[in-house]
Amino acid sequence: MAVALILLLIAIGSVLFHLFSPWWWTPIATNWGYIDDTINITFWITGFVFTAVILFMAYCVFRFHHKEGRQAAYNPENKKLEWWLSVGTGVGVAAMLAPGLVVWHQFVTVPADATEVEIMGQQWQWSFRLPGKDGRLGTSDVRNISPENPMGLNRDDPHGQDDVVIENGDLHLPIGKPVKVLLRSVDVLHDFYVPEFRAKMDMVPGMVTYFWIRPIRTGTFDVLCAELCGAAHYQMRAKVIVEAESDYHAWLEQQKTFAGLSGRNAVVRAKYNSGDD
C-alpha cells in the first residue's frame, strides 16, 4: 500500500512541478516559436505516457499485492495487448516526430532575402563578419587564417574588402530582417547559443554550418558557448544587440572594414584568466 501511494505521489508531483515550475523558457526573441511548440508536444505526449505507466504500476501494486493462497496466473503472451501497445507506441512516436520534421524543414530553408552573417568560434572568443555596402560576404579559407587575418578572408576577393570584421566584440542585428548565420570554428567544437533565439547549431572545424533567424524583439541578449571547448569555456561570452534598422546601419557605418584592418600588425586575442590577476 505504501509503495502504491509513493508511486501516486511521484506521478502527481512530477506533473505539478512541470506545470508550475519557476524554471521555464526565456521570452522568445525570434521567429522560432515553432521550436517551443514541438517541445511542448513532446512534453505532453511523454508526460501522458509517464503518468499512465506510474498510475498503472500503483494500481497493480495495490490490486495484486501478496495474499496468502493467491497464485499468479502465467500468461506467456497476449497478442491483443501486444497489438495495442505497438499501435499506441507508433502513434506516439509519429506524433512527436512529424511536427519536428516540419519545423526542421523550415529551419534549414533559408529565405531568399536573408542577409548572411558569419560567426567564428575559437578558444576562447567569438568573431563576427557582416557584409558591407555591397550586401554580400567575401570568400574565405582556413588556410588564410593568420594573426593579421583571423577569419581567413581572401585578400583578392573584392567582395570581402568592405566586410565588417568584429573580434571579441558584440554583434548587432536589425529587427524584422531574416539573417542566415554561417558558423565556423578554428580549433575545436563550439556552439553559438542565444537562449532567446531558440535556434543553435554546432560549429565544426573544417565545416560551415548554418541556421537562420528573424529577430522579432529588440534588446541585448547574452551569447553562450553550448559545447564544452576547453579550460576557459566559461569565458566565451558576447552580446547580440537587436535594434531598429536605422540604428543598425548607423552602427555599421562606424565599424572598420577588412580593408581597413588588414594592414595592422597585431590582433587582440582573448586570454585565459587564471584568477591570479
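Placed from the backbone N, Cα and C atoms, the Cβ positions cover glycine too.
Record check, Swiss-Prot: Cu cation site residues include CYS225, CYS229, HIS233, and the candidate from HIS172, HIS190 also listed there is HIS190. Under DSSP, HIS233 (Cu cation binding site) is assigned to a helix (H, G or I) in the three-state scheme. Taking the topological domain 'Periplasmic' (1-40) as a whole, pLDDT averages 83 in the prediction. Counting only same-chain residues six or more apart in sequence, the Cβ atoms lying under 8 angstroms from the Cβ of CYS225 (Cu cation binding site) belong to GLY121, HIS190, ASP191, PHE192, TYR193, HIS233, MET236. When DSSP labels each residue, the topological domain 'Cytoplasmic' (62-83) comes out as 7 helix, 0 strand, 15 coil, counted as helix, strand and coil in that order. For the binding-site residues HIS190, HIS233, the ranking by surrounding Cβ atoms (within 10 Å, all protein chains) places HIS190 first.
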